[in-house]
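J.: This is the structure I want to talk about, given as structure tokens.
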Amino acid sequence: MQFPESWLRSFVNPPIATAELSHRLTMAGLEVEEVDPVAPPFSQIVVGHVVEVNKHPDADRLNVCKVDAGTGELLQIVCGAPNVSVGIKVPCALVGAELPPGDDGKPFKIKIGKLRGVESYGMLCSARELKLSEEHGGLLILPEDTPVGADIRKVLDLDDQIFIIKLTPNKADCLSIHGVAREVSALTGAPITLPTMAPVAVTLSDKLPVKVEAPDLCGRFAGRIIRGVNARAKTPAWMVSRIERAGMRSVSALVDISNYVMLELGRPSHVFDLDKIHGGLTVRWGKPGEQLKLLNGDTVTVDDKVGVISDEQAIESLAGIMGGDKTAVTLDTQNIYVEAAFWWPAAIQGRARRYNFSTDAGHRFERGVDYATIVEHIERISALILDICGGQAGPIDDQIVNCPKREPVRMRVARAARVLGIPLSHEVVSDVFKRLGLTFSVDGDVFVVEPPSYRFDIEIEEDLIEEVARIYGFEQIPAKPPVAENAMRPTNEARRTMHDVRHAVAARDYHEVVNFAFVETEWEADFAGNTQPIPLLNPIASQYSVMRSTLIGGLLDKVRYNLNRKASRVRLFEVGRVFRRDAEVADGGLSVAGYAQPMRVGGIAYGPAAEEQWGVPARAVDFFDVKGDVESLLWPLQARFERAEHSALHPGRAARVVLDGRAVGWIGELHPRWLQKYELPTAPVVWELDLDAITAVGLPAYREVPRVPAVTRDIALVVRQDVGVQDLVDAFEKAAAGMPWQRYLQGVVLFDEFRPKAATAAIGAQEKSLAFRITLQDTDSTLQDDLVEAATQQLIRAAGDAFGARLRA
């Protein structure tokens, strides 16, 4: 927003300098980006009255003028401007004057000179020569009542400053001189003076029929007829100056008045040519296919999401954005209809951008404009029109349809003090609210504030706390380093955190990655067997169109990324959410009805099992390497690995991970068909686990340090080739349950497997030999041989009963 300081000071004039005013506005949240002078420095330029104009005797394009510059004698000045004439008043640079610097950056000093033999004692100036504008078609002609000899800087108020303020979207109440003046008054305590908005004399009874059909578009609509205006009337110089210094251009008196009041009071309005309106006006949503030629010359096609104002024949305006060309006022307009309304912000937001333009009116309405002062502002517009353009005014037709109902906002003083980090008393808060003009009551420690009709940014407690901070002064809040006053909490030894899991995986030589939760539809089908993934309504890219239900796709993609960059060994892991449909999930603080969002941890290993080292034979990572990583991650939990099939994994080299009878994840080699599809030279091994299932590890159980060595027995069992090792281990655990020696059993571990190429006397063609090491230990005394033997035999019998196992001869 841009405005001249003099205009602001006509509303509120605190006894502070420009720099201090700029600083206070900035510290209150109205960031002053620039403060620029209206005109560059120059001196000895006064108002001159051209008394006589004669042709130059030796130049067709030059004139010899006699000018009264208030010096007591007429000055002879040679001038080449085409618009010089007797009787005009123009800026006159006296001998010794310094004009603004030119392109070379040096000031231009006026001296007595000769032009084609005629002496010139000064210079008549254009606006461009004074750096007031780019207009260079002739001299800058001043009003007739301008005093001769007066300093041009004072006459044109050229010592004024232009403020350029960068407003945040919530400060729509400051998109006017009145709004900024309210802030200055609150910050400095200076009284505010408003322009008169007394009702004008109503001399007509005419009303234009208006029907509001869309209360969700327009909450209040008001307007009046004014007849007999002179649209060719000249806009007063003071108004033109203020409009131009606010960054707008002067168009015509009627348009200038509408723009002036918008800048002054923040009230966008529209002036229709009454004689071009057919019948009455209707405020409604557009109909698909309707077209409108706008004031900017563009023709737009509307639909039922765009608000319009129409007459009986066609639409005449885009509601709250821009008027139509058909009913625009011209210099021949005699009768007008002045309209002002409250448009709901949600009904205006984004509409102008659909047509690739923006307007000052739309910028204000989409943020919220005061709905309570519409009539007063129409009176202000009417008074200016009658004063400048003449005419007769009819009554204001004010229709209140659906204005916002503002709920009181409560602010706890104690909470405000805690948020701001400063002590706050009731007196301080009360003073701030009074300076802001907020109506409030006090209920104990709580201030109950009625939000003003022009403050759409006050809705919750934090908004009021912000107001207290702004007016109290951010610079008065002491700068202190943040102090985290954390109470010591006991560590839950029965659970480990997500960070513990991440550190544990990283310790196994995996590197963490963070992938998008948005994946390709194809990945879901390939790696999760999910043919109905959760789609995204507005994906950031076509390949990220669905939510992932597995981490495998992203991990595999990053392996390919690294392989394309000549990496030979890649070990990655990720901890993140996956998404799946679940009708049992209800809405909650962090949940969405119908969708489960569990946390998973997954990893992938590709290439050599270990980094290249001269003393270690090179070999590719396999299922059992990664199984060891998973077992290490799960420790002290003991998991079962059950053979199973998964759409992403090799059918013979995949296992389901089971904890306490519950499936918590998968591990396996990537399926051969995906190796070819995704162009991988060799198969990586992948794994994925439910994070919640592996964080509960239970309390550690402490045991006495053994005083005697452990006893081991090795047994080799011959079983059918389809018998799984895990099944045998389960049989051993079942046999040990309840036995006297169970407490001594430390473990049964497979240490060898043998499959003969051909049948032998000891092992058949469809059999294999599995060698287990049984470890027993008592912490106090050496175990007796008979107990060890009994335990060993019982385990052998259990394997024989369950799977027909026999000792290998």
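Just so it is clear, glycine is given a Cβ too, placed from its N, Cα and C backbone atoms.
Taken from Swiss-Prot, the feature Mg(2+) binding site covers Asp457, Asp463, Glu466, Glu467. For 39-153, the entry in Swiss-Prot reads domain 'tRNA-binding'. Residues or ranges marked as domain 'B5' by Swiss-Prot on the basis of sequence analysis: 404-479. Positions annotated as domain 'FDX-ACB' by Swiss-Prot: 706-808.
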J.: Quick check on the binding-site residues Asp457, Glu466, Glu467: which one has the highest count of other Cβ atoms within 10 Å of its Cβ?
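T.: Per the Cβ count, the most surrounded site is Glu467.
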J.: Over all shown protein chains, what is the count of other CB atoms within 10 A of the CB belonging to Asp463 (Mg(2+) binding site)?
T.: 16
J.: From the DSSP assignment alone, can you count helix, strand and coil residues within the domain 'FDX-ACB' (706-808)?
T.: 34 helix, 32 strand, 37 coil
J.: Determine which residues of this chain, when Asp457, Asp463, Glu466, Glu467 are set aside, have a Cβ within 8 Å of the centroid of the Mg(2+) site's Cβ atoms, and list them as they appear in the sequence.
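T.: Output for this site, in sequence order: Asn170, Arg455, Ile458, Glu462, Leu464, Ile465, Arg470.
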J.: Summarise the domain 'B5' (404-479) by DSSP state, stating how many residues are helix, strand and coil.
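T.: Helix/strand/coil tally for the domain 'B5' (404-479): 33 helix, 14 strand, 29 coil.
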J.: Mind checking how the domain 'tRNA-binding' (39-153) divides into helix, strand and coil residues in DSSP?
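T.: DSSP composition of the domain 'tRNA-binding' (39-153): 2 helix, 48 strand, 65 coil.
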J.: On the 0 to 100 pLDDT scale, where does the domain 'B5' (404-479) sit on average?
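T.: Here the mean pLDDT over the domain 'B5' (404-479) amounts to 93.
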